[in-house]
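Q: A single structure is presented below for examination.
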């Protein structure tokens, strides 16, 4: 097999961390890989990036030819890449655009795709799976739920197992806020401010604290499992101004839950003998209730640029193994 | 591909549960599978077992022709099975025999093998891997560490990740004993008796409470990761007559640990803010320290007949997918 060629769209934290991780781990991979093109709104259209690309990017200026957003689909179509890695930012209002356009354009022009963007997967799951079948190209999105920490992909290790429900802590920022409120007696606003200072929360924290981010992950997990939940049907309650003292001896966590019939994200009091109550810091956790294994709980980082880059590497190896063996 | 034929050696709890699970999940598998032969010391040599086999077995009598132990290797060699599933009991004194002989005979005669028996893997890892390469046959043993709960196989979802160390709770019986001592104030002997009454501990509990079982799992995990630890070099301390009150505010768990340089299983005091301290009942837990993901913790059942049968199904699907694609 000739080397695998990659086109990266969006060269922010995740894209750069992936570039760096890939170079660090290159010798561990059993295939040859080239990042042939990078498209980024502020860095431009970069062809055959050299070894100094990360240094150049750190300088913050345009590197390649300036790119107009409208021409990105054409650049994707004309690219000779095997795999398009889509790392643009989440846009909930636009229901995952323009990322969905990038991904669908890539598939239609014969590329496999990897994305770390929850938007296109949560809002366009069925369309992407339909395109995947029609064009016989793979769609991978491990990084959308719990970064590189195994989440839905752990089910591949459990063939035959039936998921009765899942519940978990799918947003690290709110878990950090709640943990600090318990451990240090901070108020909600104090803990939020601390999360912002440490870079865990955005200046506008609403995606996290209003449970939008976790709800998108609930949708993605549900669709992978085979349930039909849509974003609009996920019952959502945030933690804005929450008062943890109201819940006495129980520990409040922002719990994401779904079974075949219902899906929600809401602050939920947990018994102290439930391990989930002890998942602290900005860690994520996901419990599957399975017929064969009763319960399975995974705890790990849910964000971070290298943690997300691991997810992309996982998807990349999965695609390459599938291509080679088909 | 023609249907996959299986020979089962050892038709106790795990073998029967696997037979039942396979029949329940048959429609979910994308390949045809037949259990063509069963060899069991008390049930005999059963060819083409019919749908009533589990009922017949429950009656406790010889079903097939009586088998002499010495002829089992010949029966394995002469079998036309594609995969041999080895479910005999652990024998530490014999360093994994006769299971190792069964497995090596199977590989030499062209069969892939699956085992749930820690002995042959912990004591003969290198030889089995060498045979696997030489005869181009696969060796799978997921069930030896944490039953069907993903343990070492989760690393397949994390290509490129480097394991710096692992630590975990790899023996459910001792975790049950320690948990009951904390939760109900039982003495060690009272908790052990309860574990025996509930069927979690054997009449002779030494494999569990002297940390032999967990040490074998440490060896298996280490070898899969690529470290050279041998059973004889694992530092082992049991929990016999342990007094948990000596450790004040910390929680004592029987912790299994290894990195490249050392390996041990010993009672270890854990801070209450460590999630591992809250893994209760007979659950198992395994934490990997990875370069890309900092920490990853998996918690789930580590024993049980259906939980172990899930591991066999996992191994079976893995082998069949590899056969089909090669």
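Cβ coordinates come from backbone N, Cα and C, glycine included.
So TrEMBL lists these for the protein:
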- A:10, A:11, A:12, A:13, A:14, A:15: NADP(+) binding site (BINDING)
- A:10-140: domain 'Aspartate/homoserine dehydrogenase NAD-binding' (DOMAIN)
- A:118: NADPH binding site (BINDING)
- A:156-317: domain 'Homoserine dehydrogenase catalytic' (DOMAIN)
- A:202: L-homoserine binding site (BINDING)
- A:217: active site, proton donor (ACT_SITE)
Q: Using C-alpha atoms only, work out the spacing between the residue listed as 'NADPH binding site' and the residue listed as 'active site, proton donor' and round it to an integer in Å.
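A: Spelling it out, the Cα of the residue listed as 'NADPH binding site' and the Cα of the residue listed as 'active site, proton donor' are 7 Å apart.
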Q: DSSP says what for the domain 'Aspartate/homoserine dehydrogenase NAD-binding' (A:10-140): how many helix, strand, coil residues?
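A: Per DSSP, the residues of the domain 'Aspartate/homoserine dehydrogenase NAD-binding' (A:10-140) fall into 60 helix, 23 strand, 48 coil.
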Q: Taking the Cβ of residue A:12 (NADP(+) binding site) as the centre, how many other Cβ atoms fall within a 10 Å radius?
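A: I get 16 for this one.
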Q: How big is the gap, in Å, between the Cα of residue A:13 (NADP(+) binding site) and that of residue A:202 (L-homoserine binding site), rounded to a whole number?
A: 14
Q: With DSSP assignments reduced to helix, strand and coil, which class does the residue listed as 'L-homoserine binding site' get?
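A: SS state of the residue listed as 'L-homoserine binding site' = coil.
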Q: Whole-number answer please: how many Å between the C-alpha atoms of residue A:12 (NADP(+) binding site) and residue A:217 (active site, proton donor)?
A: 21
Q: Whole-number Å only: compute the distance from the Cα of residue A:15 (NADP(+) binding site) to the Cα of residue A:202 (L-homoserine binding site).
A: 19
Q: Only counting partners 6 or more residues apart, tell me which same-chain residues put their Cβ under 8 Å from the Cβ of residue A:202 (L-homoserine binding site).
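A: Long-range Cβ contacts: A:196, A:208.
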Q: Would you mind giving the whole-number mean pLDDT across the domain 'Aspartate/homoserine dehydrogenase NAD-binding' (A:10-140)?
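A: Summing pLDDT over the domain 'Aspartate/homoserine dehydrogenase NAD-binding' (A:10-140) and dividing by its length gives 96.
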Q: I need the CA-to-CA distance for the residue listed as 'active site, proton donor' versus residue A:11 (NADP(+) binding site), whole Å please.
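A: The residue listed as 'active site, proton donor' and residue A:11 (NADP(+) binding site) have their Cα atoms 23 Å apart.
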Q: Any idea which of the binding-site residues A:10, A:15 has the thinnest Cβ neighbourhood at 10 Å?
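A: So among A:10, A:15, the binding-site residues given, the one with the fewest Cβ atoms within 10 Å is A:10.
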Q: Ten-angstrom check, please: count other Cβ atoms within 10 Å of the Cβ of residue A:217 (active site, proton donor), all chains counted.
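A: Total other Cβ atoms inside 10 Å, all chains included: 27.
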